[in-house]
Amino acid sequence: MKSIALTSLSLLPSALAQTIYLAGDSTMASSTPGWGDYIADSVSVEISNQAIGGRSARSYTREGRFQAIADVLQAGDYVVIEFGHNDGGSLSNDNGRTDCPGDGDETCETVYNGVAETVLTFPAYIENAALLFLEKGANVLISSQTPNNPWESGTFSYTPNRFVGYAELAAQRAGVDYVDHGAYTASIFEALGADTVNSFYPNDHTHTNAEGSSVVADAFLKAVVCSGVALNDVLTRTDFDGECL
């Protein structure tokens, strides 16, 4: 795999010609194992997987992780942004990840770890990150979150949650590419059937094992091909089963 896993983005070699940066949570992260590293063999450029478990769009922003990517990326690089699994909840018992309710410029005031914080909405955090990367000349792709196990109840069921729509809205507002990763993953999971898909989730209904993450990666790549977004230009594989959605 052509993959870069760094503890500090400052260590990234500046000589790399082109890189795909991945920003997300545990469903994408290397250590889980998430799907991010599994696209490496299907692209012609390097992967820098900066996804980290337990993060939301808010906490990734507060920790300076979007800015850290912006500080090292070069014009022509790609950034894939995918969040949503950790963005729900209530600010009344603030876990540091929950976003302000709404889909626009609403704000909420909170105190987290003894520090006052103005909390933005999910679309605002994602849009701000996309605009930050655009200013650096990057090709930005916002991706909807992966589904929880749609076979968990014994019958296939997939209904996109609000963060899927919010991700698409943020992409529209920022003027960047969007793929519905969740829908493509759900479609493939429906075709594979309950027994196979249930085996992908050995611990809980959110995190796939290595085999499942490989399938989720293929779903992402298929979404890229079918959507005709800029990232398609660096794919070395475009032969995915099934029709486009």
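Backbone N, Cα and C atoms are what each Cβ position is placed from, and that goes for glycine too.
Small disclaimer: the values here were computed from a predicted structure and weren't measured.
As recorded in Swiss-Prot:
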- 1-17: signal peptide (SIGNAL)
- Ser26: active site, nucleophile (ACT_SITE)
- Cys100-Cys108: disulfide bond (DISULFID)
- Asp204: active site (ACT_SITE)
- His207: active site (ACT_SITE)
- Cys226-Cys244: disulfide bond (DISULFID)
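A map of Swiss-Prot features onto the structure.
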residue : record                   : contacts (Cβ under 8 Å, 6+ apart)
Ser26   : active site, nucleophile : Thr32, Gly34, Ala51, Ile52, Gly53, Gly54, His85, Thr206, His207
Cys100  : disulfide bond           : Leu91, Glu106, Thr107, Cys108, Val119, Leu120, Thr121
Asp204  : active site              : none
Cys226  : disulfide bond           : Tyr184, Cys244, Leu245
### Query
Which three-state DSSP class does Asp204 (active site) fall into?
coil
### Which listed residue (Cys108, Cys244) has most other Cβ within 10 Å, given these are disulfide-bonded residues
Cys108
### Summary
Counting every protein chain shown, other Cβ atoms within 10 Å of the Cβ of His207 (active site) number 23
